[in-house]
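Chemist: Dumping the structure here so I can ask a few things about it.
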Amino acid sequence: MEGTNNTTGWTHFDSTSNRTSKSFDEEVKLSYQVVTSFLLGALILCSIFGNACVVAAIALERSLQNVANYLIGSLAVTDLMVSVLVLPMAALYQVLNRWTLGQIPCDIFISLDMLCCTSSILHLCVIALDRYWAITEPIDYMKKRTPRRAAVLISVTWLVGFSISIPPMLIMRSQPSSMAEDRANSKQCKITQDPWYTIYSTFGAFYIPLTLMLVLYGRIFKAARFRIRRTVRKTEKKKVSDTCLALSPAMFHRKTPGDAHGKSWKRSVEPRPLPNVNGAVKHAGEGESLDIIEVQSNSRCNLPLPNTPGTVPLFENRHEKATETKRKIALARERKTVKTLGIIMGTFILCWLPFFIVALVMPFCQESCFMPHWLKDVINWLGYSNSLLNPIIYAYFNKDFQSAFKKIIKCHFCRA
């Protein structure tokens, strides 16, 4: 989004020879143009390829054709429009360090820039909203999660984008002051610096969606953590509860040392239920030995030996390790959720927050605020790079998309 003047400041060195100074400046400018053209060209091509692969994967792979992926596909189409319609003109403006296409193409460029970038940001907000509904209202929302609903959400993103991008072209440009400014700065192509429009556009395109995304993903994390922990608790409760046999020493009778089977205890058992005990006990007849085949328990029965007062331990806790393992798995899932949400929000904020801070602040302090032109350019292209990163975050990390991409690369769909 061209919120600032896209010009690059170069340092000129004084020299006794004007020719030497001019030659040095041309060499620096040529090297800058070559390096910049290569970097921006690579960014544009990678962005086009990545988003085109996402669109092709959803169109060709039936397993990917669901509402959640339709939203991701629409995001890819929007970022593809940014890559094809906006970035080439922005790159030309950046490399030449001046606008050479005229005023009407400048107006079209600014409108497309704001429309596509705003729609891309709002798509991220819609995807967050869809995920929030899916995880907080899984049963009810599954009935409402239809392609028609997805189409409505996508339409809203474009309508909001139009409401933000059209005013600069149709309203602001018709003002006499704006026309006079355009004639005075024919080599520049920048958005209007009107303070009221700046507040309206920056809050509508970024700050409100950012706030909504932070709230939604915060609640998604809380809901996901609650469901993970509830699943672990349910798994523990579903374990079959058996009986931990509490035995009193007075109920036992030791056989004489001469008995063939050595020491054993006479069967006199009082069953007492304890939580989470799984086991199999072979009950012997009167005068026979009592054999314990296998016992598993989630809570250790710390029972004393027969020659001490109290009850006698017959069972070992075999499920403690399993329970601890499940807790570790649950913790790993929570960490993965935090990592995923952190990547989504971190990338979005890193790419767009610097740009919108500059876009909001600079119109109010044009004379007192100073920022190097190179820093403005870096911030500007950092925002554009979000169109390259979106397909990586939302699609390439998805295993279903990965298999579809492999088919596309191997031209599996072509043979089919």
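Cβ from N, Cα, C; glycine included.
Small disclaimer: the values here were computed from a predicted structure and weren't measured.
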Chemist: Quick test of your reading of Swiss-Prot: among 250-254, 380-384, 390-394, where does it put motif 'NPxxY motif'?
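Modeler: Residues 390-394 are the ones Swiss-Prot records as motif 'NPxxY motif'.
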Chemist: Checking the topology in Swiss-Prot: do Lys29 and Ile409 fall on a common side of the membrane?
Modeler: no
Chemist: Choose one of Cys106, Cys116, Cys117, Cys301: the cysteine that Swiss-Prot connects to Cys189 by a disulfide bond.
Modeler: Cys106
Chemist: When the Cα of Thr340 (1D-myo-inositol 4-phosphate binding site) is compared with the Cα of each of the recorded positions Cys106, Asp113, Cys189, which one is closest?
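Modeler: Nearest candidate: Asp113.
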Chemist: Output, ordered by sequence, the same-chain residues six or more apart from Phe397 (1D-myo-inositol 4-phosphate binding site) with a CB under 8 Å from its CB, or 'none'.
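Modeler: In sequence order, the residues whose Cβ lies under 8 Å from that of Phe397 (1D-myo-inositol 4-phosphate binding site) (at least 6 apart) are Thr340.
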Chemist: Under DSSP, the topological domain 'Cytoplasmic' (130-149) has how many residues in helix, strand and coil?
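Modeler: Final tally across the stretch: 17 helix, 0 strand, 3 coil.
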Chemist: For the 1D-myo-inositol 4-phosphate binding residues given in the record (Lys339, Thr340, Gly346, Phe397, Asn398, Lys399), what is the largest pairwise C-alpha separation in angstrom?
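Modeler: Greatest Cα-Cα span of the listed binding residues: 22 Å.
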Chemist: Cα-Cα separation of Lys339 (1D-myo-inositol 4-phosphate binding site) and Cys106 (disulfide bond), in Å?
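Modeler: About 41 Å separate the Cα atoms of these two residues.
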Chemist: Out of Asp113, Cys117, Cys189, point to the one nearest Asn398 (1D-myo-inositol 4-phosphate binding site) in space (Cα versus Cα); all of them are recorded positions in the record.
Modeler: Cys117
Chemist: With contact taken as 3 or more Cβ pairs under 8 angstroms (pairs 6 or more apart in sequence), are the transmembrane segment (36-56) and the transmembrane segment (373-397) in contact?
Modeler: yes
